[in-house]
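A.B. asks: Feature list, courtesy of TrEMBL:
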TRANSMEM  A:20-38  transmembrane segment
TRANSMEM  A:50-69  transmembrane segment
TRANSMEM  A:81-105  transmembrane segment
TRANSMEM  A:136-159  transmembrane segment
TRANSMEM  A:196-217  transmembrane segment
TRANSMEM  A:237-257  transmembrane segment
TRANSMEM  A:318-336  transmembrane segment
TRANSMEM  A:357-377  transmembrane segment
TRANSMEM  A:413-433  transmembrane segment
2 protein chains.
Amino acid sequence: MIKFKNSITKKIHSLSPAQLIVSFYFIAVLIAVSLLSLPVARYEGVDWSFINALFTAVSAVSVTGLTVLNTVETFTVPGIFILAFVLQFGGVGVMAVGTFIWLLLGRKIGLKERRLMMIDQNQSNLSGIVKLIKQILVLILSIELLGSIILGTYFLSYYDTWQEAYFHGFFASVSATTNGGFDITGQSLIPFANDYFVQFIVMILITAGAIGFPVLVEVKEFIVNKNGRFRFSLFTKITSITFACLITFGALAIIILESNAYFKGMNWHESLFYALFQSVTTRSGGLATMDVSEFGISTLLVMCGLMFIGASPSSVGGGIRTTTFALNILFLFHFARGHKNIKIFGREIHEEDIIKSLVVLLLAILICSSAVIVLSVTEEFALIQILFEVCSAFGTTGLSTGITPDLSSIGKFIIICLMFIGRVGLLTFLFILESKQKPPNYRYPVERVIIG
Amino acid sequence: MIKFKNSITKKIHSLSPAQLIVSFYFIAVLIAVSLLSLPVARYEGVDWSFINALFTAVSAVSVTGLTVLNTVETFTVPGIFILAFVLQFGGVGVMAVGTFIWLLLGRKIGLKERRLMMIDQNQSNLSGIVKLIKQILVLILSIELLGSIILGTYFLSYYDTWQEAYFHGFFASVSATTNGGFDITGQSLIPFANDYFVQFIVMILITAGAIGFPVLVEVKEFIVNKNGRFRFSLFTKITSITFACLITFGALAIIILESNAYFKGMNWHESLFYALFQSVTTRSGGLATMDVSEFGISTLLVMCGLMFIGASPSSVGGGIRTTTFALNILFLFHFARGHKNIKIFGREIHEEDIIKSLVVLLLAILICSSAVIVLSVTEEFALIQILFEVCSAFGTTGLSTGITPDLSSIGKFIIICLMFIGRVGLLTFLFILESKQKPPNYRYPVERVIIG
Ligand SMILES: [K+]
Ligand SMILES: [K+]
């Protein structure tokens, strides 16, 4: 047993961080397919073809929530518990491995003073990652438990039996916190479209999952250590502010763009809650209080942009990530005016991080545009529907204008790839691309080129 | 008189290069509106409203070729000569001022060895720019004259009188070389859809205008100076190769994507010429041998990308420019693998040029997406039609799925702005943004941020 464990340890140590995260993802999908394929998990007569099984598994592991099958009509109660487990596994797993890689990177570049001060410095080994996963699990499970209790208790007025109420409360809490986006109501959160309390709780749970594990740890630390000397990391500041800005911008944009359309004749608080919830859910939540296909093209385009950006790194979300977006915007505004570096919050952004964020954005645009072009060949839907589906998959958001079940097999496969890439994160793939040998050290004469 | 001239010289010297090019553009539009508004230029009963006049003038000065009015039904023969003059003025003017600014930039950064060796070094004054404009005019006019003679003579078989033949030859040559994209056939080059000779000549003329003035000068120099020691500049190499790659990629993509649609049952040479011509025209030409709205969404998306990239800098085209695109792609492939600089053709790309090209691309994406979102509010068209119109305007290409005349006034105004920005080039606007005072010299501690 010890020998076996040592051999696994050795194996894991021989993997590069990027290989580690991709392997984890593959194994997780394999486990998910196997578990969800158990006969006890599904009702009879469901079209459980290979592509549908794979799609559902990847959607669950990547906590996207796009579905080719109606969840509540496909899975039995045991099946739904398995699904909740897979969401947990996928959400927390990639989150942990991702954070672990970042810590590794920190060691590699010899950065002594990590601002994530509360995370044990010595984690670049198996016991380290186990510890990290434990830390994350405790945090997330506590949040989910609290969410389950609050929602379950509240649902007592909605459902006939307490078992049903708490079952729904449990699944809604897990689906929200892991940003899973799956629903067992059969119609997302539409039944609670006028229940501001449920929406409020769900928005908090989505945010807790999507804002990033380091932020949660730092906030916990801030609350516990009241000595006043606590300083939030630059990461936490940037990602939280970007997060807040994106939600505010999204809500305002939706209110303005739909004021004469979907929101016509609605109360101000109804409009506000619809807009706010749909804005929050684009971070990566995927639950919705309405059928988004009823929005106009302009609103859907704004939501595409928001989903493409996605959630924080080291979170349960996907997309290019908030910090990538923030660094690109900062780059644009600083370098357009001829500055040579980015200063913010009394800190300077590392040049390598700026370059990485630019590469991630360009690569993401390239991948998503290619996907849109291919899908517009293989599918018969309108461009906005295809674009929305692509951004939703890449951002692992899980919102859809309703075309997911009708995608062709090629279409489903492309969406599967996008969910995979979006969840693992492009930065991980950059690690794989990065050549091991150092680039040649000779220089050529510099020559200028006319650009604009 | 001398005093007046001196005062103008002084005025021009006090302007920054960016102000110079924007002023030139504004004055050119003013002149174009005035000339085209002359009663002799138009037939009676044409809807010559302010927004239509402005749209036509900007479209002509920016050599875009988008039209809200049918050219041949709007303008009389004198009007068409005026239009040809405006195209000339707009095409060569911005080209000259743009090149001039680049030369200025070269002086500013103290770069002694300009590879554009044949352009007089001492041009950062009024006599310099006049000389430069003369040089460009001679080159472009020679090409146009040659084109007019070839096309006019060839058209003798198409038209009843020699006057008509040469009139059409003259306008087609000017419209192609300046990449004006206007037509007096009433249906672009569709009447010549099966005439490969006309298409071949027009493609050469479009390329001559769009490949950039420095390339033309260097090629001329290469042909004249046969001493074997001539070396093409890095700019010429990058822009020519990018140009060729884009045209090849575009033609192949169109052939593949339309093989089972528009090209079904066509000869291989018919398909090839349709694909090749439509690919060349996206560089910035704007003339078409078919109604592009008959293409599928995927083909139109590819064309959107090609138009967004546009032509070479210092040419008659628009868009982000070929070199900006090339530098972004090189950046992606080099920096994704962890390199610290870009080496190509035995030269190293200047860091500032990489940064500028990244800024231009990001800014262009931001501007075009915003335009698409606003237009999808104000207009009733499909997303693909709006996107196509936006890319066409920004790339000053002038292709359209046919929605231009039906745009709302706000829609027309947005397209006007895009043609303006696309033609002048975003780099020019960066010069305006660049703060005059040096950025503060103090440094902050560097802190890393999690990205992807
Ligand atoms: K999701
Ligand atoms: K054009």
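Any Cβ shown, glycine's included, is placed from N, Cα and C.
Automated prediction, rather than curation, is the source of TrEMBL annotations.
Here the structure is a predicted model, which means the values were calculated and not measured.
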A.B. asks: Of the listed stretches A:20-38, A:50-69, A:136-159, A:196-217, A:318-336, which one has the most C-beta pairs under 8 A with the transmembrane segment (A:413-433)?
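C.D. replies: Comparing A:20-38, A:50-69, A:136-159, A:196-217, A:318-336: A:50-69 has the most Cβ pairs near the transmembrane segment (A:413-433).
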A.B. asks: So if I exclude everything within five residues of the ends of the transmembrane segment (A:50-69), which remaining residues of that chain have a CB under 8 angstroms from its CBs? That is, six or more out.
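C.D. replies: For the transmembrane segment (A:50-69), the list is 25, 28-29, 32-33, 36-37, 83, 86-87, 89-91, 94, 175, 178-182, 284, 286-287, 316-318, 389, 392-393, 396-398, 400, 404-405, 407, 409, 412-413, 415-416, 419-420, 422-423.
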A.B. asks: For the transmembrane segment (A:318-336), give me same-chain residues lying six or more residues beyond its boundaries with a C-beta closer than 8 angstroms to one of its C-beta atoms, as numbers and ranges.
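C.D. replies: Same-chain contacts beyond the ends: 62, 64, 235, 238-239, 241-243, 246, 284, 307-312, 342, 344, 349, 353-354, 357-358, 360-361, 364, 394-397, 419, 422-423, 425-426.
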A.B. asks: Take a look at A:20-38, A:196-217, A:237-257 and tell me which one has the most Cβ pairs under 8 Å to the transmembrane segment (A:136-159).
C.D. replies: A:196-217
